[in-house]
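J.: Structure incoming, see below.
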């Protein structure tokens with residue numbers, strides 16, 4: 001027990017030290033976890049025999065992650081995304097798997113082994129890619145959305161892959177996998193059940209897989225709601241957490257009992273429960289456990305890298321790893337071209353998904369247990385999967401460098417921009433959801449606008465509605481000049497990429513010091529950047545909608561529409577002036593918490609804002625009381641008039 005606690009201390013201590021350092025260096029938390037594992041494992045040798053116990057806990061991080069992913073996959077949402085899932089995602093999985101499998105077969109692998117290897121490397125790391133895209137604020141880009149669609153397809157594709165592996169075992173050469181299947185069930189009857197399952201032929205295991213999946217679907221659809229309602233009547237918060245963990249652990253145990261992947265079962269359970277009214281409660285209860293255990297999972301991946309195997313043939317293994325990533329990247333790049341992704345999004349899509357993923361560990365382990373892979377092949381594949389995952393955060397850094405260094409050169413291959421022969425006093429750069437609303441309002445009010453956007457389909461759609469839309473990159477100076485930048489009165493920068501917005505504002509301010517520039521900001525930090533770039537008016541993406549929501553709340557807690565609108569107007573005015581002042585204290589590259597001058601002034605402004613709003617509220621309420629007194633006096637006069645007229 002003491003040794004186990006010491007190992008847990010080593011793992012958690014390494015994470016607490018390495019992850020913040022990696023995040024501060026801009027490498028991302030995933031690379032920090034992997035580096036921590038390498039440090040305590042292959043480098044310092046602090047990993048003991050108790051690591052196997054910790055790995056069992058760490059695997060639950062992936063299991064819980066898949067459960068949460070399943071909860072997000074509402075059936076009607078999947079149906080809406082069916083074209084992208086079956087098209088872009090399906091093509092990536094099938095083509096990559098086929099090419100890798102064909103390459104393995106050409107190199108002498110058995111057909112069943114080649115198919116398994118193809119499936120393993122057709123998948124990417126959902127955890128690494130989504131977490132890195134979120135941290136770098138790339139999820140809302142076209143490349144980020146396409147990456148999410150492919151990752152979602154891959155997660156779903158794991159289900160038929162796990163069901164197919166037993167059939168591959170039926171046709172695979174006889175291999176000895178005994179001793180590699182984890183002995184996680186001490187009970188004698190559980191061992192008996194596992195023995196029976198392992199003794200089944202391939203088709204029997206496949207039927208058992210289908211039966212287990214059907215059981216999860218039926219129980220989740222019809223059996224869980226009464227249980228949730230029963231727990232709800234107890235009114236004890238901790239019981240929800242206990243039930244959430246019971247679902248995950250129970251399904252994982254059941255899947256292990258019948259020889260299937262726990263990840264498969266929990267993923268299916270999440271999908272089945274996605275329409276449940278208790279879905280968000282489950283998410284909030286599982287999320288803290290998922291984050292901690294998923295980090296532990298990445299540490300164990302780093303600690304488990306077999307550098308002995310690697311150093312036995314380093315160039316060969318590294319060459320195989322890079323070769324597989326290049327092959328997968330070529331498939332991704334071709335698909336990105338077919339789907340007409342822009343140059344930067346194309347490279348983001350290609351470099352971000354070129355690695356193998358955490359499901360690769362699941363498939364390798366299951367393939368080993370079913371006899372599809374030999375122990376030596378499984379060890380090599382685990383090393384290659386881990387190395388590719390380790391390289392992924394570095395690929396994002398490479399993407400950023402390529403993006404900065406070759407941006408001008410990349411544009412040469414883009415579709416030729418339109419020749420702009422019209423001008424207007426108002427130029428709108430970007431016609432997404434934000435720009436469309438601005439354009440509609442101005443056009444319907446009788447003002448002429450000119451639109452520039454890099455999305456050809458959107459521009460063509462705008463033209464069908466009679467708007468002056470032109471295809472091209474709004475950050476290109478020649479397009480802006482052709483659109484009439486020299487004579488324009490207002491420039492609306494409505495693009496969704498924060499870096500492009502800042503770049504365009506900087507150029508427009510240099511070219512036209514007198515131009516009024518209205519810019520879309522991603523968040524508060526982006527506001528500060530845009531003020532320094534020269535924007536006159538800045539609109540935060542969610543700020544106005546949040547203000548409106550706050551006004552509705554005030555109207556429903558007793559304030560009149562006029563009073564709520566006045567409170568909203570006062571808050572907007574004070575927050576806007578405070579934001580401009582804080583922009584003067586903001587320092588690029590310095591975290592807000594480390595900027596003492598900024599934090600001190602922010603606290604002062606917050607107190608001033610609270611005082612001003614309280615005073616405004618009192619003013620409005622006192623004004624209402626005065627109006628009530630005036631109305632009472634008028635009522636007295638009205639009641640007295642008939643009495644005077646009749647002489648009473």
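For all residues, glycine too, the Cβ spot is worked out from N, Cα and C.
Fair warning: this is a prediction, and the values are worked out from it, not measured in the lab.
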J.: Quick one: sort out which of 591-619, 620-648 is the region 'Disordered' according to TrEMBL.
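T.: Residues 620-648 are the ones TrEMBL records as region 'Disordered'.
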J.: Residues of the same chain, at least six outside the transmembrane segment (347-368), with any C-beta under 8 angstroms of its C-beta?
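T.: For the transmembrane segment (347-368), the far contacts come to 62, 92, 116, 119-121, 123-129, 132-133, 138, 141, 143-144, 146-147, 150-151, 154-155, 158, 161-162, 165, 168, 177, 180-181, 261, 263, 297, 301, 324-326, 328-329, 332-333, 335-336, 341, 375, 378, 381-382, 384-385, 388-389, 391-392, 395-396, 398-399, 402-403.
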J.: Would the transmembrane segment (380-402) count as touching the transmembrane segment (30-48), if touching means at least three Cβ pairs under 8 Å and pairs must be 6 or more apart in sequence?
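T.: Checked: the transmembrane segment (380-402) vs the transmembrane segment (30-48), in contact.
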J.: With pairs closer than 6 in sequence left out, are the transmembrane segment (113-134) and the transmembrane segment (85-107) joined by 3 or more CB pairs under 8 Å?
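T.: Yes, the transmembrane segment (85-107) contacts the transmembrane segment (113-134).
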J.: Based on DSSP, tally up the residues of the domain 'RCK N-terminal' (423-540) by helix, strand and coil.
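T.: Counts, helix then strand then coil: 51 helix, 26 strand, 41 coil.
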J.: Under 8 Å, at least 3 Cβ pairs, sequence separation 6 or more: does that hold for the transmembrane segment (262-279) versus the transmembrane segment (239-256)?
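T.: Yes, the transmembrane segment (262-279) contacts the transmembrane segment (239-256).
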J.: Counting a contact as 3 or more Cβ pairs under 8 Å, with residues at least 6 apart in sequence, do the transmembrane segment (30-48) and the transmembrane segment (239-256) touch?
T.: no
J.: Within the domain 'RCK N-terminal' (423-540), what mean pLDDT does the predicted structure show?
T.: 86
